[in-house]
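**Q** Below are the features I grabbed from TrEMBL:
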DOMAIN    14-215  domain 'YjeF N-terminal'
BINDING   60-64, 129-135, 140, 158, 258, 313, 366, 433  (6S)-NADPHX binding site
BINDING   61, 125, 161  K(+) binding site
DOMAIN    223-493  domain 'YjeF C-terminal'
BINDING   403, 404, 405, 406, 407, 432  AMP binding site
Ligand SMILES: NC(=O)C1=CN([C@@H]2O[C@H](COP(=O)(O)OP(=O)(O)OC[C@H]3O[C@@H](n4cnc5c(N)ncnc54)[C@H](O)[C@@H]3O)[C@@H](O)[C@H]2O)[C@@H](O)CC1
Ligand SMILES: Nc1ncnc2c1ncn2[C@@H]1O[C@H](COP(=O)(O)OP(=O)(O)O)[C@@H](O)[C@H]1O
Ligand SMILES: [K+]
């Protein structure tokens, strides 16, 4: 399991830290990076005899590759270096690394060699790191295509070549690593969109630097330590009134299930009482699976809760719109999801009311909903998920969860988080409704917005991850299976506040 509560920096932040420490760093950062990569490579090559292949590029990422190659050669291991660029055009540090490699007797091949009969022990991508500027094409694209077709472990140095370290977009083509050794701090593009598919297991090497000490981070990884202080073991002397009233509003004809899923999630996350307000007159009077839910007509439910989650299956007709307006004018803490967001996207008057609202509020759009809210395309949202999430948070002056692989949590003050729990089993209908219910249930219990959103999003993904360990999914995982797993994990966390591997450093 990865360390947690790590700061995350876009490339500009990493550059700032590098520039601050590089002039005095001894050993130099590139020496540290190359050595750290070699150490990780040794771990990956246990029981894998034969030579390793390192493909070096025209910048400092290539320099890391040369340092790594030198370490292996000095350790007596056969290493083959492919390097297609002109050594005289390498940046200063990379040129030093190249010279040290050739001075030690190392050679470079100007094209990728055929694999040896037994295959490569390891294939290392040191082509491009955080300096990638444009889509990869031509010779480097051909190299990456060939490297991706090789069997066995594939390691990227710092960032898989072709992956944008800021956004997680593939620029042209990208190396598909099974492992990525990354330096100084995590980068957002590794953790969202196509990043996780291309990075494989990420190993962070801080190179003996305290990134947050150099440059206070705006972005952090979500981990239990962020919110555990808000989740307490229950006292013996408690009653349902201590754990809040959550209201779910939605369930127009044909979509009652969405509201029920949210209601079940709110119960399982511990809300004292859960009311489900349905728009469908002919909706069920009782949830046979979860009879604890108090089902009523939507317009009668709104007054019942200290937290209201509105949107699952809400529809977009006049009744839905009127309910949303009432919710926006209530003093309850609000979760806005699904059709509540679509209504905001299509009705400027409602959007204005949302912006002006003072009580705490969180919006939980998937990329399509985010696009409607900002009046741009889904592709534009996904092109820079962090920027989109921050723009929405600023626009609505509220917390935003931009969902998807690597969900972003953004705050209006520009602080953000990325969540790393969850899996593709969650790419199925109703999963968002469960998150809405979890947030409603946690907010009803009095967690503040920061804690509730971090806890809800992390728990949501962790529950799906637990189901995977039981062989449930990813294919065919159902949203209705999540709430029981949420309950199990939440109780485990509360009983063992800092489970092994989740006890990283605290931060502001
Ligand atoms: N600056 C430093 O001292 C350190 C840098 N480090 C390494 O250096 C990397 C960053 O180095 P650089 O800033 O030199 O950048 P990169 O090595 O990532 O790439 C920059 C080079 O690639 C070229 N380039 C960019 N996109 C291209 C494309 N699509 N097709 C063809 N050529 C392209 C640029 O013109 C430049 O020559 C980090 O990711 C890390 O691996 C580490 O050694 C830590 C210390
Ligand atoms: N591949 C994935 N990896 C991680 N989380 C995912 C993935 N696919 C979906 N999710 C999560 O599942 C939920 C899906 O929500 P949403 O798209 O609103 O679904 P629905 O509207 O059908 O309920 C979000 O929380 C999202 O982050
Ligand atoms: K790389």
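Heads up, the Cβ atoms here are built off N, Cα and C, so glycines get one too.
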**Q** Between 130, 405, which of the binding-site residues has the fewest other CB atoms within 10 angstroms in the structure shown?
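**A** Least crowded of the binding-site residues 130, 405, by Cβ count within 10 Å, is 405.
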**Q** If you draw a 10 Å sphere on the Cβ of residue 403 (AMP binding site), how many other Cβ atoms land inside?
**A** 25
**Q** If you skip the near sequence neighbours and keep only those at least six away, which residues in the chain come within under 8 angstroms of residue 406 (AMP binding site), Cβ to Cβ?
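**A** Residue 406 (AMP binding site) has long-range Cβ partners 168, 191, 192, 193, 195, 196, 385, 418, 419, 420.
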**Q** Within 8 Å of the Cβ centroid of the AMP site residues 403, 404, 405, 406, 407, 432, which other residues of the same chain have their Cβ?
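**A** Near the AMP site, the remaining chain residues are 192, 366, 401, 402, 408, 419, 422.
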**Q** Using the alpha carbons only, what distance in Å do you get between residue 405 (AMP binding site) and residue 161 (K(+) binding site) once rounded?
**A** 20
**Q** For the binding-site residues 61, 63, 125, 133, 432, work out the Cβ neighbour count at 10 Å and name the residue with the minimum.
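**A** Minimum Cβ neighbour count within 10 Å, taken over the binding-site residues 61, 63, 125, 133, 432, occurs at 133.
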**Q** To test your reading of the K(+) site: which residues beyond 61, 125, 161, same chain only, put their Cβ within 8 Å of the Cβ centroid of those residues?
**A** 55, 57, 62, 65, 126, 127, 128, 129, 156, 157, 158, 159, 160, 162, 175
**Q** Can you list which of these binding-site residues (125, 403, 432) have a Cβ closer than 6 Å to ligand 2?
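**A** Only 403, 432 qualify.
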